[in-house]
Every structure is written in C-alpha cells, then in structure tokens.
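Trainee: Before we start, here is the structure in question, set down as structure tokens.
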Amino acid sequence: MPISYNKASVVVSLQSIIANYRRIRTVAQRPMPVIKSDAYGHGLEAVGMALEAEGARECAVGTVGEGAKLRKAGFGADIVALLGALDREDAQLAASSGIIPTVLDIAGLERLAAQGTTERPVRVALKFDTGMARLGFTEHDVSALCERLRTLPSVRPVMAVSHLAVADDPTQSAFTMAQGAAFARIMAGLRSNFPDIMGSLSNSAATLAHPQLHWDVQRPGIALYGSNPLRGTALARHGEGLLPAMSVSVPVLQVHPLPAGRSISYGRTYTATKDATVAIIAAGYADNYSRALSGRGVAVAGGRRVPVLGRVCMQTTAIDVTDVPGIATGDRVWLLGGPGPATVSADELADLWGTISYEVLCLLGMNPRRHDDSVE
C-alpha cells in the first residue's frame with residue numbers, strides 16, 4: 001500500500017526512463033519493458049503509458065490485477081502477466097482485459113481454457129524453468145504440454161518465457177549458457193507444434209551483454225530505471241550510460257547543536273567526539289528508509305554528502321550537518337538522488353543498506369510520488 005501520511009517527496013523522471021529505453025533499443029530488437037511491482041516503485045500507469053507512447057509493443061507486469069489496472073488507464077498494447085492467473089478470478093480478468101498470463105502448470109492452463117472459446121481463444125505465455133528452480137514447466141514437459149494444448153483450442157500459446165539466474169555474473173557464464181541451451185531445446189519442441197510462438201529469455205543483464213540469448217522478445221527491468229545490472233563485473237561497460245529515474249527528499253524538522261560527549265538516538269550508539277550540528281529529518285523505517293542504515297547511511301544536504309548519526313527511528317533520522325552552512329527547518333534533504341555531484345545512487349544506497357537497488361526503489365517509491373512528465 002502506498003504511504004500517504006508523511007512529507008517525503010518521490011520524483012520520477014519519465015524522461016530518464018525513456019532515455020534508458022532508447023539506450024536499450026540500440027542493442028535489443030524488441031524489448032518488452034518489465035513494469036511489475038508498480039514499475040519498481042516508479043508508477044505503473046505513468047511509466048507504462050510513457051513507454052507505449054515511445055513505441056513499446058508490449059509490457060510485462062507481475063499480476064493479472066496489475067495488468068487490468070494498466071489496461072483501465074488506457075494502455076492499448078499487449079500486457080504479459082508474469083505470475084500468471086493464480087485463481088479463477090484472475091483467469092476471468094485476464095480474458096476480459098485481454099491480458100496474456102503466463103501458464104505455470106496444466107491446472108493453470110485448464111483454468112484459462114475455461115474462459116476462452118475456439119473463436120476467441122485466450123492468449124497465454126508458457127513459463128519454463130531452465131535453472132531458477134522457481135516456477136513453470138520443465139524441458140521434459142514439452143511433449144505432453146503440446147499434446148494437451150492441441151486438445152484445448154480455447155487457448156493459444158503466443159510466447160514461451162524463462163528466467164536467467166546469474167546473467168549478471170560473468171564468472172557463472174557456463175550456467176547462463178546452459179540455461180540458454182535448455183531454452184533452445186524447449187523452443188525447438190514448441191515450434192514443431194506452434195511455429196509462430198515467440199521466445200523470451202533475456203533479463204536486463206542478458207539484454208545488454210548477451211545478444212545470443214535475446215530470442216524474439218527481451219525483458220529489460222532494472223536497467224529501465226537507471227541501475228546497471230552488470231555493475232562491478234567485467235561486463236559493466238555494457239550497462240554504462242543509464243540514467244537514474246527516481247529521487248527522494250524529506251524535510252528537516254529541527255536543527256540543533258550536539259556537544260562533544262553527548263549521544264544521540266535510541267541505544268546511544270553514537271556519541272559526538274567533537275561539537276557538531278545535527279538535523280533531524282522526517283524519514284524513518286516507517287517510510288521505508290531502512291533501520292539497517294543506522295550509522296551507515298548518507299544523505300545530501302545543501303549540496304553536500306552528510307552521514308546518518310545513530311539509529312534510524314520510526315519516522316525520524318539524525319544527520320550531521322556541521323559542514324552545511326545555513327541549513328534550517330523546512331529545507332529538503334535527499335535520501336536518494338539529489339542535486340550536483342553529491343547525488344546518492346540507488347546502487348550506492350543499496351550497498352549501504354545491505355540489499356539491492358531493486359528493493360531500494362520498490363520500497364522508497366511507495367512514498368508520496370509525482371512524475372516529471374517532460375519527455376522529449
């Protein structure tokens with residue numbers, strides 16, 4: 001549920017997302033933007049509509065409900081629901097909204113078949129497990145699956161999808177290529193029965209760095225939002241030039257001195273070693289600013305990097321503003337992004353947080369949000 005009770009401000013740059021999409025288009029023939037989980041916190045409807053206007057032929061969401069919400073907003077291109085139709089209500093909604101759900105098993109296939117007709121079959125995407133050990137059919141199911149599909153004219157398979165486990169790690173390229181080989185065998189079996197079925201295997205990392213795994217449709221996700229999935233690896237150059245799309249700022253509640261020898265916040269985990277000035281900002285773990293950032297986080301105040309002091313509280317956090325002249329109550333402090341070279345990236349914040357940029361964006365993006373709609 002979106003957070004609505006605080007004074008945080010999330011600003012999403014649609015222009016940056018479109019720039020990243022264009023960057024991806026230079027290496028991918030048919031990228032299907034992944035906008036699940038509220039577009040990784042960036043706003044499902046706004047991001048989806050901007051990408052459709054830019055020429056995206058389809059987008060991928062997580063649930064059928066997300067897809068229906070996007071369709072209701074006026075999205076006219078194809079929508080693939082990656083988690084599939086989880087129950088009968090989902091199956092009905094997918095059929096009525098023209099959403100393409102993934103199918104994970106025979107029961108799900110039959111659930112969807114009940115919603116279609118021979119004249120108006122429900123389009124589906126077949127989900128295969130090639131190494132994630134998570135969801136879907138296996139390579140050994142292809143023959144029996146095709147036999148069952150031939151008896152169900154009320155469904156039409158239009159795509160087969162699988163997901164790569166370590167495409168972002170070149171030290172495990174053998175596993176990635178093994179997944180690719182398994183998917184190739186799956187596609188051969190499917191196309192002997194359904195010649196027009198499309199294949200989709202590549203995530204952001206594979207889209208950027210492994211063209212041999214592109215197949216017909218590519219599924220960039222985190223790269224759309226400015227995070228390099230290959231950061232810190234020998235393949236990092238393939239993800240350079242992506243633009244961050246989210247910034248998060250909060251107001252200063254109070255500025256006061258912290259004399260040498262005085263502690264601050266719960267647990268007294270920080271004691272000033274010299275006279276300092278602190279600002280208490282309106283952000284805490286209830287605002288999805290993690291308690292793991294206690295004594296580790298950084299923020300941008302007055303154009304400068306400043307450290308978090310002591311423990312992050314439920315709705316407040318202390319920062320050291322000793323070297324930020326003139327800072328006052330009501331000024332904005334950036335938890336993510338921020339003006340000038342001091343900006344904090346999602347990847348950097350994730351490192352401090354002990355997580356990944358995906359979680360940072362999904363969680364902070366739940367705060368009050370607006371979009372910069374200027375797309376050139």
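Keep in mind that glycine also has a Cβ here, set from the backbone N, Cα and C atoms.
Keep in mind that what you see is a predicted model, and the values were worked out from it rather than measured.
Pulled these from Swiss-Prot:
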type     : residues   : note
ACT_SITE : K36        : active site, proton acceptor
ACT_SITE : Y266       : active site, proton acceptor
BINDING  : R134, M314 : substrate binding site
MOD_RES  : K36        : N6-(pyridoxal phosphate)lysine
Trainee: Do any residues at least six apart in sequence from M314 (substrate binding site), in the same chain, have a Cβ closer than 8 Å to its Cβ, and if so which, in order?
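Mentor: Within the chain, M314 (substrate binding site) has Cβ neighbours under 8 Å at G284, Y285, A286.
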Trainee: Between the Cα atoms of R134 (substrate binding site) and K36 (active site, proton acceptor), what distance do you get, rounded to the nearest Å?
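Mentor: If we compare the Cα positions of R134 (substrate binding site) and K36 (active site, proton acceptor), the gap is 18 Å.
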Trainee: Which one of these recorded positions has the most other Cβ atoms within 10 Å of its own Cβ: K36, R134?
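Mentor: The largest 10 Å Cβ neighbour count belongs to K36.
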Trainee: Sorry to bug you, but what's the C-alpha spacing from Y266 (active site, proton acceptor) to K36 (active site, proton acceptor), rounded to the closest Å?
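Mentor: A Cα-Cα distance of 37 Å.
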Trainee: Just jot down the residues in the same chain as Y266 (active site, proton acceptor), at least 6 apart in sequence, with C-beta under 8 A of its C-beta; none if empty.
Mentor: G310, R311, C313
Trainee: Going by DSSP, give the three-state secondary structure for K36 (active site, proton acceptor).
Mentor: helix
